[in-house]
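Below is one structure, written out as structure tokens; comments come after it.
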Amino acid sequence: MGLVGVQGDGNGEMALSLGSKNKYKRMDSELSDDFEDDASHHQHQLERKKSTRKYVLACAIFASLNNVLLGYDVGVMSGAIIFIQEDLKITEVQEEVLVGILSIISLLGSLAGGRTSDVIGRKWTMAFAAIVFQIGAAIMTLASSFEVLMIGRVLAGVGIGFGVMIAPVYIAEISPTVDRGSLTSFPEIFINLGILLGYVSNYAFSGLSVHINWRVMLAVGILPSVFIGFALFIIPESPRWLVMQNRVEEARSVLLKTNENDKEVEERLSEIVAAAGISNGEKNEEKAVWRELLSPSPSLRRMLITGFGIQCFQQITGIDATVYYSPEIFHDAGIVNKSKLLAATVAVGVTKTAFILIATFLVDRVGRKPLLYVSTIGMTVCLFTLSISLAILGKGQLGVAMALLCVCGNVAFFSVGMGPVCWILTSEIFPLRLRAQASALGAVGNRVCSGFVAMSFLSLARTITVGGTFFLFSLFSALSVAFVYKLVPETKGKSLEQIELLFQNHNEWDGSEMELGDAQHLVHKA
């Protein structure tokens, strides 16, 4: 009995000791079970987080495929137009119209896209955009005259207009707040990827006969839209659109797939329902959307000025002229060989695509406004330097080097800020009930300015020289710095519903935080 360690009834003590040991074992077992439950719960949360992020990422990628079409068209036309001019014997004015008409016509798609997406949904608007573009691209590929080419160009422009306005809206509406900026920049990434593919296509097929090469270049643009058909089986409808249709349970189901925890799902759903003006399943009576846009409240007026203004500045700083007419810019600097011209444009495309990835990494870390400052100031310097270089250095090796450096620098600074942040802001700042059509209005401003720049560049360059034209762009770029400082708020880290409050309290734009709980009590004025 010495093993028991105490005097007395050995069996009793032994029984007590064993009972005591059993007690401790039970406690240890309970603690172990609790620990295992916590570990299991933590593991489940990690798995859900990974699954959610993969799902949202896939949705953002597929939603952005239409933007590849826009980018590809912009990139490929810069080289294809050289061979179209040679094959179809078009004039310089026809060249300007052919290049610029896509931007002008795409505004029709953007205008119609807002209303269409409110009626049939964001998802099916993207599908419609892809179909219209495919038809237009096929007609362009088979065109035997300038007139037929223009018909295809018009249809392609309408399709692009639908796609370019709806993708940022859709992504902003499905994205978690913490990742919304980087995910909403995906359309701009895909535009840049499309531009690069267009440049590569120019270089790859330039060796074919003049009658065939530009047709092949344009035909390749049909391929990205084919993948959009597969995307429709993967991506869900926007939860915010579903709420607008009073399909709240379906919206909850989508939010459960795109948010990491159930509590956040319910919070977001409550905010969306309040923002949509739906209480207890009933819609409030409100003015028609366009009446409200044409007669805006002070807060909505600030949103419209910010959204429309940033879209216009994105284009009047000359980015489309730089991309569409980069061969002409480099020719003016002294590069004569066509293959070298197209190779130089590939370098521009690589630069543009590489720097958009930097913006995607930084936009949710440093914020929208700092990136816009870096972008607009850098663009101003590059555009001004390019204008001086073309005017003074002439056609020598130094002039070519400076032109290449400045053009690449300009597209790099554009891609870091003005390119993606412009679309992020216009998809974030408008109230839910107005978002699609107000974003469409911003896209119209973007497309009009793009078309104006593209259709006037050659004529303007002949009048005031290429250097003088880029000096004009540098002045607009300098104005954009002031616009960002005065009229663009920081929206990083705020839900879409909280951003609406930010515009209602515009005196708090200087970095001060909003009362986040106020989003629960959003009411919209008629």
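All positions are counted from 1 along the displayed chain.
Positions of Cβ are set from backbone N, Cα and C atoms, glycine also.
Remember, it's a predicted structure, so these values are computed and weren't measured experimentally.
The feature transmembrane segment is assigned by TrEMBL to 55-85 (among others).
Annotation source TrEMBL lists domain 'Major facilitator superfamily (MFS) profile' at 59-492.
Here TrEMBL flags 97-114 (among others) as transmembrane segment.
Here TrEMBL flags 126-144 (among others) as transmembrane segment. Outside the transmembrane segment (126-144), and at least 6 residues removed from its termini, the chain residues within Cβ reach (under 8 Å) are 63, 65-66, 69, 109, 113, 116, 120, 151-163, 166-167, 170, 215, 218-219, 221-222, 225-226, 228-229, 231-232.
Here TrEMBL flags 150-171 (among others) as transmembrane segment.
The annotation transmembrane segment is assigned in TrEMBL to 183-200 (among others). Taking Cβ pairs closer than 8 Å, the transmembrane segment (183-200) reaches residues 56-57, 60-61, 63-65, 67-79, 164, 167-168, 171-172, 175, 217, 220-221, 224, 323, 342, 345-346, 348-350, 352-353, 356-357, 359-360, 363, 415, 419-421, 423-424, 427-428 in its own chain, all 6 or more past its ends.
Summarising the annotation, TrEMBL assigns transmembrane segment to 212-235 (among others).
The transmembrane segment annotation in TrEMBL covers 341-363 (among others).
Annotation comment: TrEMBL describes 370-394 (among others) as transmembrane segment.
What TrEMBL lists as transmembrane segment is 400-426 (among others).
Distant neighbours of the transmembrane segment (438-458): 92, 95-97, 99-104, 106-107, 110-115, 161, 164-165, 168-169, 293, 303-304, 307-308, 310-312, 314-316, 318, 320-321, 324-325, 328, 422, 426-427, 430, 469; these residues of the same chain sit at least 6 beyond its ends, with a Cβ under 8 Å from one of its Cβ atoms. Annotated transmembrane segment per TrEMBL: 438-458 (among others), in sequence order.
Sequence-distant contacts of the transmembrane segment (464-485), counting only residues of its own chain at least 6 positions beyond either end whose CB sits under 8 Å from a CB of the stretch, comprise 309-310, 313, 316-318, 321, 328-329, 332, 369, 372-373, 376-377, 379-380, 383-384, 386-391, 418, 457. Sequence annotations record features per position, and here TrEMBL assigns transmembrane segment to 464-485 (among others).
The average pLDDT computed for the domain 'Major facilitator superfamily (MFS) profile' (59-492) is 84.
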